[in-house]
Amino acid sequence: MDPVAIENVTPEIECGRFPAKIVVNSKFTVTAEVFRAGHDLVYPVLMYRKLKKRWRSVAMKGTGNDLYEASFTPDEPGIYEYKISAWKDSYGTLIRNINAWLGSNEDVEQDLIEAINLIKDAYKRSSGNDKKIIKRYLDDLINSDLNKKVMILNDNNFSSIIKKYQKKIDKTDYRTLRLIADPEYGGYGSWYELFPRSIGNFNDIIKHLNYVKSMNFNVLYLTPIHPIGITNRRGKNGSRISDKNDPGSPWAIGNDSGGHYSINSDLGSLEDFKNLLRSAREKNIMIAMDIALQCSPDHPYVRDHPEWFYHRPDGSIRYAENPPKKYYDIYPLNFETKNKMALWNEMKNIFLYWISNGVKIFRVDNPHTKPLDFWEWLINDIKRDHPDVVFLSEAFTRENLMFELSKRGFTMSYTYFTWKLTKGEITEYFKKLYSYPYNFFFRPMLFTNTPDILGRDLSMGRNEFIIRSVLASTLSSLWGIYSGFELCENDRLDDTEEYLNSEKYEIKRRNFNSDNNIKDIIARLNSIRDEMPALRSGKIKFCETDNDKIIAYARYNNENKILVVLNLDTMNVQSGFIRVPLNDFSMDLNSIYDVHDVLNNNHYKWSGEYNYVRLIPGKRQAHIMVIKNA
């Protein structure tokens, strides 16, 4: 039986079953309702530590209605633990009562003696500089008049020291919870995806880094770099018929020259790859590696470990299936095979091998088709020794399954952003993602396009590419584009979401200086993201507008306040009034304030909540405004 109630602790993911997440060097705030019967005060503290290190504590502050909060800041990546302990606040209760009795002209002589006894008791438990401070105050108390005694007893600094050492009567502990502190690139990143073979080889990609950097991307994501299978190789646009010139899908991994530990010889050697990693780091670009845990029919695993695959009634190995389609160039692995731990350990070793060669970011293909307990085991095991490694879940599946993968360990996740087009759809979706508890375990990665997905809205041309860029880069701290987006490529295969002449099945040579590109806009968006802390870690508030073709939302934190206003119409000028969330900005409703549109480099003077905007497609599609007091 617990004499102190500790309830509604946040964040707490599924009663502590899963850890919360934060980015290193970010303040982590814990709140809880803490109370006890009667009129006695409680003294709750937040205990925290990095796993296996010494516990630290910070007193929780009351914010009203039995709600308390406290914070700590993880200063390095890794697993942390936190919990709340609380006990009767004997000293605080007594001082509160003394103040009340004095206000009613009651005699408090015996109560002052009791207070001094509590201080003497705390003195015995104290140490170091705290002991010296208590001794000094105690001497003053004994030799002071009533008014001076009351002033000393109410001194906040002195009180906090006494409460720290007072006897912990009715001490109650809440269960221990976990927190994952990820490196900054696990929570903030601007990604550029490319097919290495379309650039040439690793040395050619090194030369291409300046192009990626010119748009201010800080993560270069490479599609699989392994040998590609020959058997049942797919041809142009995914055709089952191929010829000798078809390079095949990079996701059909493995041939006679090796599998997941090997590099396609057309791209270069392992040393060439490591040189790419070094060259990218020199430009403050990280390399993200694509890991697809599946095999071509030519993968060495098929020969050496046929028991790792699914078998049909006739004994043949089952191809990958996603009804109504079958993928004859890929064999899925059976993660529930009889001796599954041999397979699981081999899969873990693949990640560990590339980690040993310098990779810290993994984009994992189709994780939702593998067991949840496999991912929880693998990621937790890897991050225990490599807390600076992060995992992106490429799962376009049921929402609950996407959330569960993040709970089980994935650092960040693809989203439904591609299919959220209207003001209502965008608002509803991101309100959910930024609400509790999702905001403590699910980090949305907003890709504008992928090799598999050419959004139907992008058929509307350049202005729509700008719209999606602004949305993706400002709605989340994580966003990315697949190569060609900056060139506004939108040739579609029939009435599908697939690209015509898909790069998945052919080598594509691009003119990266073609007309009609939006490279400068993307570069500016990424630059703004780097400059504005609120776009990296701020809260979000969707704003009222009187025009459904205009969406507006604020991103804000203690460092800056951003207002994004966007015309969702690619063809027509749209105008209207937006309601600036001045209350959320801690600004007076009658404020006059400076507005700097950092996207278009314009300055305005606004006043009050409601202000007028006029957005012109092709000229001024959006505002990204920094709000400052005049």
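Quick reminder: no glycine exception, Cβ is built from N, Cα and C everywhere.
Lifted from Swiss-Prot, the feature list:
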- ARG234, GLN294, ASP329, ASN366, LYS504, TYR505: alpha-maltose 1-phosphate binding site (BINDING)
- ASP365: active site, nucleophile (ACT_SITE)
- GLU394: active site, proton donor (ACT_SITE)
- ASP452: site 'Transition state stabilizer' (SITE)
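Sequence features, as recorded in Swiss-Prot, placed on the structure.
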| residue | record | DSSP class |
| --- | --- | --- |
| ARG234 | alpha-maltose 1-phosphate binding site | coil |
| GLN294 | alpha-maltose 1-phosphate binding site | strand |
| ASP329 | alpha-maltose 1-phosphate binding site | coil |
| ASP365 | active site, nucleophile | strand |
| GLU394 | active site, proton donor | strand |
| ASP452 | site 'Transition state stabilizer' | coil |
| LYS504 | alpha-maltose 1-phosphate binding site | coil |
Min neighbour Cβ count (10 Å) across recorded positions ASP329, ASP365, GLU394, ASP452 flags ASP452
ASP452 (site 'Transition state stabilizer') and ARG234 (alpha-maltose 1-phosphate binding site), compared by Cα position, are separated in whole Å by 15
A correct count of other C-beta atoms within 10 Å of the C-beta of TYR505 (alpha-maltose 1-phosphate binding site) gives 21
LYS504 (alpha-maltose 1-phosphate binding site) to ASP365 (active site, nucleophile), Cα to Cα, whole Å, comes out at 14
Note: in the chain of ASN366 (alpha-maltose 1-phosphate binding site), residues six or more apart in sequence with C-beta under 8 angstroms of its C-beta are ALA292, GLN294, GLU394, ALA395
Between the two most distant Cα atoms of the alpha-maltose 1-phosphate-binding residues ARG234, GLN294, ASP329, ASN366, LYS504, TYR505, the distance in Å is 19
Counting every protein chain shown, other Cβ atoms within 10 Å of the Cβ of GLN294 (alpha-maltose 1-phosphate binding site) number 22
Same chain, |i - j| six or more, Cβ under 8 Å of ARG234 (alpha-maltose 1-phosphate binding site); the result in sequence order is ARG240, SER242, ASP246, GLY248, SER249, ALA252, TYR328, ASP329, TYR505
Excluding its own, the Cβ atoms lying within 10 Å of the Cβ of LYS504 (alpha-maltose 1-phosphate binding site) add up to 20
